[in-house]
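Annotated in TrEMBL:
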type     : residues               : note
ACT_SITE : H532                   : active site, proton donor
BINDING  : H536, H570, D571, D681 : Zn(2+) 1 binding site
BINDING  : D571                   : Zn(2+) 2 binding site
COMPBIAS : 777-799                : compositional bias 'Basic and acidic residues'
COMPBIAS : 847-869                : compositional bias 'Polar residues'
DOMAIN   : 457-776                : domain 'PDEase'
REGION   : 777-814                : region 'Disordered'
REGION   : 831-869                : region 'Disordered'
Amino acid sequence: VVVGVTCNPALVPHHSSRSVHSSSTMYARSPDLQPETVTQFLFDNPDFLDSFVQQHVLEDKIRQWSQRKHKVQGHNPVALTNGDLIKDQRSNWKNCVQSKKWRILQDLTKDNTTNKARVFTELAACAAESVNADGHNLYLVDEQNQLFLASKSSRNQRAPTACVGRIEPRTSLPAYVAYTKESLLTNSLLGDPRFPLGMGVETERGVSAIAVPLLHGNNLILGVVELYRNYGSMPFSPEEEEVAEMMLVWADICMEYVEMYNSMMKQRKLNDFLLAVTKSIFQDIVSMDTVIMKIMNYAKKLVIADRASLFLVDTKSRELYARIFDTGRVEEHIPQKEIRFPMDRGVAGHVASTGEVLNIADAYTDSRFNRDVDLQTGYRTKSILCMPIYNRGNIIGVVQMVNKIDGVFTKADEESFETFAIYCGLALHHAKLYDKIRRSEQKYRVAVEVLSYHSQCNDEEYMLTKNVPIPSDIPDILDYDYSPWAIDSDHKPVYVLYMMRDIFKMHSQFDLDDMIRFTLTVRKNYRNVPYHNWAHAFSVAHAMFTVIKTSEHRFTPIECLALYVACLCHDLDHRGKTNAFMVKSASPLAAIYSTSTMEHHHFNHTVTILQNEGHNIFKHLTSAEYKQILSDIRHCILATDLALFFANRSRLQDIADKGEFSWDNADHRRLVMANSMTAADLCSMYKPWKLQVQLVDVIMEEFWQQGDEERSQGLTPMPMMDRQKKNELPHLEVGFLVGICLPCYEVMAQILPETKPMVNGAVANLKKWRELADKEALEKEKEKEREKQTEETQDEVIKEPPVTKPSDDVIVTSEKNTLLPADVLDDSASDTSFLAADKPLPDPPSGRTSNTSVPSEKTVLSSQSEESR
């Protein structure tokens, strides 16, 4: 018997070729075994059949059997009893519905045009197939909450009746089900008082129907699926109604998927659109008008409108204004005369005033609409979508869309346009900033032009200097004790030209006119401050000239030129204040340059002068040489910041001590250049004592002025800048010479032995300052001793000691400055007339320049009467 069962090919899994082969062989060996015998055995032993099928037959094979049986017997109601039909339908649900649901999901995920109607059509068709219906109809609910026929099967149907449309009882079956939101099974379509009109679609043979509502979310009716069987077919059973309901439960799930899919696709399209808008607008911000035109174009594309308008808000006058208008032609947005109107007029004015979004389906029924524009232009306004544009919480404009191409503006248009309006606000804000920057740039150019004119040398100054011949030789100018302050201000430019020509021996390559203008403009751009002025710049340039001419260096010609020009320009536009003061006072320069504030400013000012017409003294250089000399000048000017000096000197000292210094090494040469700039900048510290004392007074006056300003701001100045501690000047000078000047001069002398006079002069001055510091310390000790004796002999402390007149053994060098003992200065040093305005020289120097007095171009010593002197 077992052999007979296994020999039945229908009971063997299709993939088991071995079993089939074996059973065929066994059947051939058992010719007496008949199919009737096997059949009878299976009827008598159903448990055996169940066990065999479960162990040896695949599920797909079982499903195929069920489908073939349903296909053969499904349309023959006579062949099956009612119980058999119920069993058949339940089997159909178990074996068929799951595969159909899976197929629906696969189809929907593969389709890129998923929409609600298509999903429900697929579900209706599957439900009809699951219950073996003769036909089906799908009704959906539109935006006006009325039913309409979305799809129908093609057999035995006519046009939809007039009753399809209203969701109410006592009309049609789908309308009734949509009203009650409950499924319904009826086997008597005609004559039911609940739906006297029968089905929504007239049929000649429909007698049995199942109507299932399609619900979503909170019992929201989306549509109705109507399944029917014609006359002659078996009526629907409750089990089949259950099958249909279970099948259409997927409507809610599919609807969620459709909405999510459509939302994602819509958002993706909007994101792509906004990305294109952002690229187009922000990459081409040329003017406000350009941005407005782009916004109007993209806005029309976004909501498919016929025309667009954009009004900006004038907060001062509380008006809306526009310069660009959409004419509807291809060459749209032609700039016209600006129009203005109050913010309380029209649709745009209402939106600008209230911030409310207006979506008007019929403009002529809205009292806020102004019909005058249509009367003047002949254009017919139908629908309007008007929305405010915000920036930082304030309404800066209003964009108005007119006449949607297809219908009226929808809620989806509002949502998309609201997102677009955010980008419009950003674009308009940046466009305004761009306009402000562009106007500021134009104002800046005008200001620079005016300032350049007034900061450049004029023709009269140029001719006066040009008419003075450059001397062929200046005696003693290479002495380290030489006083550049003795030269008259009008003749200093001539000396500059002399030194520059003497250094490079290639004056033919330089334009003399450019050199004159450059020098005179540099002089004009030094401020009238006590110390860091044109006289100081000239003295530093002379000090560098001395080093270059007297030492056996191996600087390149470009480096020599850079050193000299850097010295001449190293304090351009100096304000008489330190970098620390500029930072503490929140100076704009400190905001621009966070480190070496003034030094960066000096270099940039130098470049500005070189860029003036007729001032580029380096125009003969090649591009590479020009780039190199500017780099060297920047390096040299920044090196005058004492904050950078210590690291530069330490590196150079270490290289020199190890004997590794090489002139062929560009880095070593740059270290020497940096140290040379500091040495030249501090040239007053190695000058003869008589001159040095006078210059220190001038330097300290500038420091004390800064200290006075700091004290007026409630700050405590440094001791060096505190006028109240001017009696400590000798001690401060000793510290400055020992800590900065001598280390700088000594490493210079180690690399360039010819600069040894710097060290000698500084050492001699240090000795003098130490003597004064010792005397000052001795006086302090004596004062303390006197105070102690006074405390012992008196019962109460004297609040303020009496002010004594200066004795005859001191000389007043300034009403504000230090009182120096008479033995410090000789008769020649007591003459301070050289610190007043420069005295004109009768002729340019042609012989030996007298250097016995100590003249200075600028002084801060107070003018005194003859009796005071």
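Just so you know, glycine gets a Cβ as well, placed from its N, Cα and C.
Please treat TrEMBL annotations as automatic predictions, because they have not gone through curation.
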Cα-Cα, whole number of Å: D681 (Zn(2+) 1 binding site) versus H532 (active site, proton donor)? 10
Going by C-beta under 8 A and a gap of 6 or more residues, the same-chain neighbours of D571 (Zn(2+) 1 binding site) are Y526, H532, N533, H536, A537, V540, M598, H602, T640
For H532 (active site, proton donor), list the number of other Cβ atoms lying within 10 Å of its Cβ atom. 23
Return one of helix, strand or coil for D681 (Zn(2+) 1 binding site), based on DSSP. helix
Chain-internal residues near H570 (Zn(2+) 1 binding site), provided their CB is under 8 angstroms and they sit 6+ positions away: A537, V540, E599, H602, C636, I637, T640, M677, D681
Using a 10 angstroms cut-off on Cβ to Cβ distances, just flag whichever of H536, D681 is the loneliest among these binding-site residues. D681
